[in-house]
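Pulled from TrEMBL, these are the features on record:
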TRANSMEM  20-39  transmembrane segment
TRANSMEM  82-101  transmembrane segment
TRANSMEM  107-128  transmembrane segment
TRANSMEM  160-181  transmembrane segment
TRANSMEM  187-206  transmembrane segment
TRANSMEM  237-261  transmembrane segment
TRANSMEM  273-291  transmembrane segment
TRANSMEM  303-322  transmembrane segment
TRANSMEM  334-359  transmembrane segment
TRANSMEM  371-397  transmembrane segment
TRANSMEM  409-432  transmembrane segment
Amino acid sequence: MVSSEGDGGGDKLMRKVLGLGYWVQGFRCFPWLVVSFFLKDGLNVNPTTLQILQSSASIPMVGKPIYGLVSDSVYISGQHRLPYIAFGAFLQALSWLAIAISPSSISVFTISIYLLLGNLGAAITEVANDAMVAEMGKQPPSSTTKHSQQPSSSGNLQSFVWIASSIGGVLGNLLGGIFIGRLSPQSMFMFFSFLVALQFFVTISVRESSLGLPKNPSFGIKKQLSELSAALRKPEIAYSISWFALSYAVIPLLNGTMFFYQTQYIKINSSVLGISKVFGQATMLLWGVIYNRYLKSVSPRKLISAIQATMALLMISDFLFVRGFYRQMGVPDTLYVVIFSGFLEVLFFFKFLPFTVLIAQLCPQGCEGSIMAFLMSAVALAFIVSGYLGVALASYVKITGSDFSGFPFGLLVQAACTLLPIFWSSCIPEYVKTKDKRKE
């Protein structure tokens, strides 16, 4: 490894590789926005089927701990991050190309298989990217900044990749909203396939030794499992991850129902939904900047709990929206959808930034990829459970593609469930005492 590049050229190259990776990761909203309309209008699925398909497509994300263990333990030509990023990008390019060249009469089962393959590639890529961020976040500060606070040094890279992902999301949703009614779904799927193919070729052109990654001891998978098991037995890690996953799992998501309500019932144009998602991604970008400058020293427990409470408040606002309260006050439906719906959709992910900074500080060295992958796997499983709970709730309140009379009550149940995790937020540490601070 070329250690001399760790402070200069290696750091710049690392940021380019991670910036591209997270930008593409954020841009994945572009084909998925098209998928929602393609399933509803092209394949004529109902709200329940749409939500089941969207939730089930995340199943490959649950396998992230396995991908993380393999990435931590199995080196390919002396590299254990970039080859996996390249392989994941290749799978994504292959799956979206297959959807693009398929006939418009493609079956729901077939497109589900392709979406699962694409998410498998995305999961592998995300694991390797997250592991590199965690590894760099745990490097000791340089001699010129050795007295700086640890949260600042460990949070800079997380904020950078967060911003890169947000920029990708803004552009993806903007382009999706503009072109969804002007181009065929197949051509938009083809465009994204070319984009991840570009990521594949860029990744294989870079040598991992030039990135300045810290030298971690190479263990076998059995040893890595032992290290992961030991790390997860630490109360501060186990309780934090458990709370974070459960804070999503207990919420019955009604995203599919809200999508049908907006597009089918109140006839919101697809371009408005695109602008709404752009607004949401823009707030994510702004959140990354605000957190990096002002909130890194705030207690993770207080910050994450405040975000959870804000989510519940916006769900109550959705209840008022569906009941027509804002319409009676003269607020157009399109304005509400652009601002409040777009903000609520991304608010679910605001917790990720402070929480990943926290976990990166808690991770034992050498199993960053496994811990981060386990975290993302737990969250993916939580979202699947949340989606299925949403399907059950929509069925209980008798919501269909044409009858939304039970929707307001479902939104109140959703808001109440969102508040529950705040009562056991003590599982999240207030602050992390790092080795540097203990020495001081």
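Using N, Cα and C of the backbone, Cβ positions are placed for all residues, glycine too.
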Message = Assess whether the transmembrane segment (371-397) lies in contact with the transmembrane segment (107-128), where contact requires at least three Cβ pairs under 8 Å among residues 6 or more apart in sequence.
response = yes
Query = Any chance the transmembrane segment (187-206) and the transmembrane segment (20-39) are in contact, meaning at least three CB pairs closer than 8 A with a sequence separation of 6+?
reply = yes
Request  = Report, as numbers and ranges, every residue of the chain located at least six residues beyond the transmembrane segment (273-291) whose Cβ falls under 8 Å of a Cβ in that stretch; write 'none' if there are none.
outcome  = 26, 29, 33, 155, 159, 162-163, 165-167, 169-170, 172-174, 176-178, 180, 262-263, 337-339, 341-346, 349-350, 353-354
Remark   = Same-chain residues at least 6 beyond the ends of the transmembrane segment (20-39) with a Cβ under 8 Å from one of its Cβ atoms are 45, 49-50, 53-54, 85, 89, 96, 108, 111, 115, 122, 125-126, 129, 161-162, 164-173, 175-177, 180, 185, 188-189, 191-192, 195-196, 199, 202-203, 259, 263, 270, 273-274, 277, 281
